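Peer 1: Take this structure first; my questions come after.
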């Protein structure tokens, strides 16, 4: 608790006069507990009184103290070198996902539900990396470790929310492939442009709805310990460990939400691709089977990258498994930067339509011709 002191000019005679006036009833108003004018706390040698009161900090009137990001614990001297791959991955993620977005938006042949879902995934990857990497690089390069209380939880909210949104989009993409392969005659009527937009908005609303209560629980906790976060961004577990109150409610809520979201989505995704595999194996032509499986290969790669990387990062934060702290931090950092960089490369290499759309986009630039290259 901090002592808040107010300094004012008082004369010992004035204090005694006010006391006598109150005793005789000559001064009305609320009775104030006046300090003893002879005490050292009340009057200094120059007649200056310092009255100190123990005040409880009012969270509504005071600005919470900021947090300090440590970066990669134990590898502070190598921050400059460590920043190079993260900077390159960030630039590649920006270029790759922006190119996919431009190709889908400008090429009318890609105005289909599957490519709209890929565009949603590209937007999520851009938000992911932009929410984390710029601040991470400022810690590595400039030593700007301080992050405001509100900014820290805003960053955490975006990470958790768009993790849930990406899980929902991956589920929608598996449903899209299920309808396209198992029920192709009804594909256009089931997945219309309006319904695709509704699915995307529903994924965003679901992510915001389940993560807003968690942020309310976390921000209501008092953080009165050392505010140094042994991480390069506001990682959930690392921040909660700084709370000086029992965080069991937020822990329970986060476990329930993660289990329900990831568990439910992964079950439906597995069911969808199980039905897809069953339908593909029934096709009479080997070429038709390979063509159908090729359209799902990129989706399966992205799904495995997302869920396997997420589970590995989460369990390493919860259970150290004897690993050094910098190893766990690096795994978490790579999880937020590697998939956004690889996703547009996976779609570009495995999906001919996306690849051709990117080439057509580049051909619009003066002096570039790719018609013979692809």
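Using N, Cα and C of the backbone, Cβ positions are placed for all residues, glycine too.
Annotation source TrEMBL lists domain 'G-protein coupled receptors family 1 profile' at 96-347. Here TrEMBL flags 81-104, 116-137, 157-179, 252-276, 296-316, 328-347 as transmembrane segment.
Thinking about packing and proximity, how do these listed features fit into the structure?
Peer 2: Packing against the transmembrane segment (81-104) from elsewhere in the chain are residues 72, 75, 110-111, 115-116, 118-119, 122-123, 125-126, 129, 133-134, 136-137, 140-141, 333, 337-338, 340-341, 343-345, 347-348, 354, 357-358, 360-361: each is 6 or more residues past its ends and has a CB under 8 Å from a CB in it.
Same-chain residues lying 6 or more positions outside the transmembrane segment (116-137) and placing a CB less than 8 Å from one of its CB atoms are 69, 71, 83, 86-87, 89-90, 93-94, 97-98, 100-101, 104-105, 144, 147, 155, 158-159, 162, 165-166, 169-170, 172-173, 176, 193, 196-197, 200, 203, 232-233, 302, 333, 336-337, 339-340, 343-344, 347, 354.
Residues 113-114, 117-118, 120-121, 124, 127-128, 131-132, 186-187, 190-191, 196, 199-200, 202-204, 206-208, 210-212, 214-215, 233, 236, 261-262, 265, 268-269, 272-273, 275-276, 295-296, 299, 302-303, 306, 310, 336 of the same chain sit 6 or more residues outside the transmembrane segment (157-179) yet have a Cβ under 8 Å from a Cβ within it.
Tertiary neighbourhood of the transmembrane segment (296-316): same-chain residues 121, 163, 166-167, 170, 173-174, 177, 181, 258, 262, 266, 269, 273, 276, 323, 327-328, 331-332, 334-335, 338-339, 342-343, 346-347, 350-351, selected by CB-CB distance under 8 Å and a gap of 6+ residues from either end.
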Peer 1: Using a Cβ cut-off under 8 Å, which residues of the same chain at least 6 positions beyond either end of the transmembrane segment (252-276) come close to it?
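Peer 2: Residues 164, 167-168, 170-171, 174-175, 177-178, 181-182, 210-211, 213-214, 217, 236, 292, 296, 300, 303, 307, 310-311, 314.
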